[in-house]
Every structure is written in C-alpha cells, then in structure tokens.
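See below for the structure under consideration.
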Amino acid sequence: MSATKNSSDDLRTEFDRLDGDKDGYITLQEFRAYHSKANKDDTAISKAFAAIDSDKDGLVTFEEFQRAYKD
C-alpha cells in the first residue's frame, strides 16, 4: 500500500513541477516549457500532451495526469 502512496506522491510532485503558475492545471505552454529544457522535440511534446489531455480542453488536470501515468 505504501508503494501506491509513494507513486501518487511522486506523481503529485511531478505535476506540481509542471504546473508553472500553480493554478492546478498544466497547459501545453507549461508542458512544452518544462520538456523543451531537456531538448525534446516540439512535435513529440505536443503529441504527449494531447495523449494526456483526455477531454481535449487544453488543460491537464491532476486526474488526467494520474490516469496517463497509472501503469
């Protein structure tokens, strides 16, 4: 059970790191800014964001983020 809690805590930490303005959502701009520091390809970044943004509203909630990284 603690492994699940740690995983959830790790996801929350990562989500908070990506949420640059701390409004509770990750935008494509925040996602892109974070990942471009690692020299990731812009197309790959956009595709990854689209895959996580399951309701396609342009905002990733913690719940969407959690679902995307669940397994």
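Quick reminder: no glycine exception, Cβ is built from N, Cα and C everywhere.
Break the domain 'EF-hand' (6-41) down by DSSP state and the numbers are 22 helix, 2 strand, 12 coil. Annotation comment: TrEMBL describes 6-41 (among others) as domain 'EF-hand'.
Taken from TrEMBL, the feature domain 'EF-hand' covers 47-71 (among others). For the domain 'EF-hand' (47-71), the model gives a mean pLDDT of 94.
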